[in-house]
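*Asks:* Dropping the structure in here first, questions after.
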Amino acid sequence: MKSPAPSRPQKMALIPACIFLCFAALSVQAEETPVTPQPPDILLGPLFNDVQNAKLFPDQKTFADAVPNSDPLMILADYRMQQNQSGFDLRHFVNVNFTLPKEGEKYVPPEGQSLREHIDGLWPVLTRSTENTEKWDSLLPLPEPYVVPGGRFREVYYWDSYFTMLGLAESGHWDKVADMVANFAHEIDTYGHIPNGNRSYYLSRSQPPFFALMVELLAQHEGDAALKQYLPQMQKEYAYWMDGVENLQAGQQEKRVVKLQDGTLLNRYWDDRDTPRPESWVEDIATAKSNPNRPATEIYRDLRSAAASGWDFSSRWMDNQHQLNTLRTTSIVPVDLNSLMFKMEKILARASKAAGDNAMANQYETLANARQKGIEKYMWNDQQGWYADYDLKSHKVRNQLTAAALFPLYVNAAAKDRANKMATATKTHLLQPGGLNTTSVKSGQQWDAPNGWAPLQWVATEGLQNYGQKEVAMDISWHFLTNVQHTYDREKKLVEKYDVSTTGTGGGGGEYPLQDGFGWTNGVTLKMLDLICPKEQPCDNVPATRPTVKSATTQPSTKEAQPTP
């Protein structure tokens, strides 16, 4: 007797079932995860709070990175005994009981270097190694050397690293690319996910999930062997992002997973803790106190979740675009995150096929197709003509255009006609003399106008090229590179972010001074230099005039062919 055709509810149930299979395959590994290191605000309790509130250091990150010289419980007991004694000096107590982080040696580049020479010379300067750390150090050890962004940062950061690795690959440092992939795989195996950075106080959240793209990058050099080698870690990271999905009812959210009323599964940013961030303790407390109409824990969670997004902070997350205390990151479903999840599912399908598991490859393809439909249905603003985030509170797509709207193009998830509209919107609303604006809002936050960030320039450039919009892509690359070159000519450094309303000016806003170095700017600059200059005539500095698209070199893409929506 012929079996009846499966009903629609059975088909919808396939999606959680696929994910559940991934969880089952990883259950043994999950049981081996060691105890999570405790962050300094938990280890030191009231002492940590008092030191940060006393503002002993200009940068709150300083004490978060300080290493206790003995058991933190003993230090805390001594503090409780001494703190109320006459003449107690908190700064002296800290100096005696902690080793404070040292400022790195200031790098002075040789005279007369071209932009390319300067970047190539920075790779060893930015390389760190922490195979072993002190027992109570907030720094988490990693087995291989890694490249830090630069400036105030002494640790590796998750999503920064992908764009840094693009530059390392462009410079031929495939050994460093392999080392960094191995480090992130180690973190997945050790902690169940890749934290924001290799610090104990970053373990409660991740960042934009680029690990699968890192493995795909390494596969350009090592072939499918890299995909097969790191398939278990990619699956485990996917399980982290989808954790809790099997118990979700329609209209519910659990940690990083959102299930809409029609069963569509999407993701959001989330931090497991709802306390002030140790590295920005005083600032977070002040933000929470400034809005007594909201529970402080809710604001702390949304601040932390915005840090997980990489966009800390932006009007993108706020109800009032000029008041940080109105941010509500956890009730927003980001278009860039879901584009990256789509890409992760596509790479998992490719890796599963390479490993000979066609059934699992088909499962991941099913998940990717379902997510793509969700992005097109819920994250396209037809009235405005651009992609945007989905609002869980209003149950509709938001109106604000941000550079995150280019991510569906970057991962080849956009419909062709919508990609064309995105090209128009980008040129009309975001393109500036110095590159691509992050948003059109001047809020004073660093992920808003007039700042432009290297990773978003590259995502936009690649995304537009994927859909044949090479002129707009060239405009973005050319404007941004000119900005980078002018700043380098004047200051002999590459910086974290740029003011794109002009050229030759570093960006402002944020919780700390402008940082130089700078990993992802170095990586994107090298990629763009090799994109705009012909292979037979590579350029070491940005050309004085805008190249024509005809003479520009189109690099081979590792992305899948553009799907039919």
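Each residue, glycine too, has its Cβ placed from N, Cα and C.
Feature table excerpt (Swiss-Prot):
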type     : residues                                                                                       : note
ACT_SITE : ASP312                                                                                         : active site, proton donor/acceptor
ACT_SITE : GLU496                                                                                         : active site, proton donor/acceptor
BINDING  : ARG152, TRP159, ASP160, ASN196, ARG205, SER206, GLN207, ARG277, PRO278, GLU279, GLY310, GLU511 : substrate binding site
COMPBIAS : 548-565                                                                                        : compositional bias 'Polar residues'
REGION   : 538-565                                                                                        : region 'Disordered'
SIGNAL   : 1-30                                                                                           : signal peptide
*Asks:* To the nearest whole angstrom, what is the C-alpha distance linking GLU496 (active site, proton donor/acceptor) and ARG205 (substrate binding site)?
*Replies:* 22
*Asks:* Identify which of the binding-site residues PRO278, GLY310 has its Cβ surrounded by the largest number of other Cβ atoms within 10 Å, counting every protein chain shown.
*Replies:* PRO278
*Asks:* Do me a favour and check the Cα-Cα span between ASP160 (substrate binding site) and ASP312 (active site, proton donor/acceptor); whole Å is fine.
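*Replies:* Roughly 13 Å, rounded to the nearest whole number.
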*Asks:* In angstrom units, rounded to an integer, how far apart are the Cα atoms of ARG205 (substrate binding site) and ASP312 (active site, proton donor/acceptor)?
*Replies:* 13
*Asks:* Would you mind checking how many other C-beta atoms are within 10 angstroms of the C-beta on ASP160 (substrate binding site)?
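*Replies:* Its Cβ has 28 other Cβ atoms within 10 Å.
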*Asks:* Comparing the active-site residues ASP312, GLU496, which residue's C-beta has the most other C-beta atoms within 10 angstroms in this structure?
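*Replies:* Ranked by Cβ atoms within 10 Å, first place goes to GLU496.
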*Asks:* Identify, in sequence order, the residues in the chain of GLN207 (substrate binding site) that are 6 or more apart from it along the sequence and have a CB within less than 8 Å of its CB; answer 'none' if there are none.
*Replies:* TYR157, TYR158, TRP159, ILE194, ASN196, ALA308, SER309, GLY310
*Asks:* Roughly how many angstrom lie between the C-alpha atoms of PRO278 (substrate binding site) and ASP312 (active site, proton donor/acceptor)?
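*Replies:* Cα-Cα, rounded: 15 Å.
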*Asks:* State the count of C-beta atoms found within 10 angstroms of the C-beta of ARG205 (substrate binding site), not counting that atom itself.
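*Replies:* By my count, 24.
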